[in-house]
Number of protein chains: 2
Amino acid sequence: MSLQLHGYWRSSASYRVRIALHLKQLAFDYIPVHLVKGGGQQKAEPYTRINPSMLVPTFIDDDEDVVLNQSMAILEYLDDKYPDSPQLLPSHSLDKARVRALAQDVACDIQPITNLRILETLKSDFNASAEDVKAWNQKWITTGFDALEKRLQTRSGQYSYGYDVTLADVCLIPQVYNAIRFEVDMSVYPLISKIWENCNKLDAFKKAAPENQVDAIRS
Amino acid sequence: MSLQLHGYWRSSASYRVRIALHLKQLAFDYIPVHLVKGGGQQKAEPYTRINPSMLVPTFIDDDEDVVLNQSMAILEYLDDKYPDSPQLLPSHSLDKARVRALAQDVACDIQPITNLRILETLKSDFNASAEDVKAWNQKWITTGFDALEKRLQTRSGQYSYGYDVTLADVCLIPQVYNAIRFEVDMSVYPLISKIWENCNKLDAFKKAAPENQVDAIRS
């Protein structure tokens, strides 16, 4: 078995897949794709041959001849293929739908709007300053977290959906990491903050953290 | 059985769910949420009580006490709950992953960046003109479609993934509708254009089209 993850230390979507691989205790090669250096390695060959979207991550499972983009599709694939390790999705269709919706509250409504290429375009096409970019990120993260904090009141426990780690947590934690980086006031989100703390006690989340990757840049 | 879809005629995410409901021949009440009138009905009560994210759609299944946001979670829920009607996802985990990735190429990488609240913020916070907004939309739609057109070379047939309608088509068609609206040159995307034509021959896609909704505004 040879699993490869092409990613970037600070990419939220790469971070999600790292968490899942560590939760499921799967060995994998982590292959850094530097999103900034030389204009971005994701925009040039050889990377564009495996992922024409010029985004990370890309997941490769050699045994199955699988080359997959889209972190959410990769996470569900891992959950389908390795059901005996901790499941990221509950078994009942209604629980499953609720967990997916919580995950997508981050993966569809927050992360895509605040990722690197958007920030670069705000700077290049709208003359946005560093402060403008920070305000843009804070606006979309707080809009998303305001709603999420309300939703979590219904069914969260130790984690986003009850007492087991799910796909919702796998998406939430990298987003909180970004929120902290962009100085979002997390004190107004007690439930999200509690889940952040609980997840970060687990080995899989620690191993997956941006600072613990080989391509992390220490300032 | 009582199914309700709270949506907006031109919302891509609402359009996706309408397609799925019609493909599966499920009767539902369509409840318009006007995204523009009075600053947007999605931002006020009573709507925010069922969906604090202030986005459409929201899907309600009274029998199951289900109130679901996130169109992708709703689509998977419908596919889980009504497996005897045409399946939106293939059964094998690898095919499933590939179809999900194609769907998310639209649902995560294009649509969230080009939806109404983003365009409104570009205008209010960055003084964007109507032309700027159009250029922004065209940029992200063409970036996404350039990659998608390449991916479709491998496994598309009559539809995005072979010869059956899948989740990938359910996401793609509303995005093409938006591309046409924002005057993207579709002639450079022969595969996407072919799938657009093939899907629009089907009753479910016709019934779901924005212009055929009760809340459509005819210019």
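The backbone N, Cα and C atoms fix where each Cβ goes, and this holds for glycine too.
Quick look at what TrEMBL lists:
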DOMAIN    A:1-86  domain 'GST N-terminal'
DOMAIN    A:92-219  domain 'GST C-terminal'
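DSSP labels the residues of the domain 'GST N-terminal' (A:1-86) in these numbers: 36 helix, 17 strand, 33 coil.
Confidence in the domain 'GST N-terminal' (A:1-86), given as mean pLDDT, stands at 93. The DSSP breakdown of the domain 'GST C-terminal' (A:92-219) into helical (H, G, I), extended (E, B) and coil residues amounts to 92 helix, 2 strand, 34 coil.
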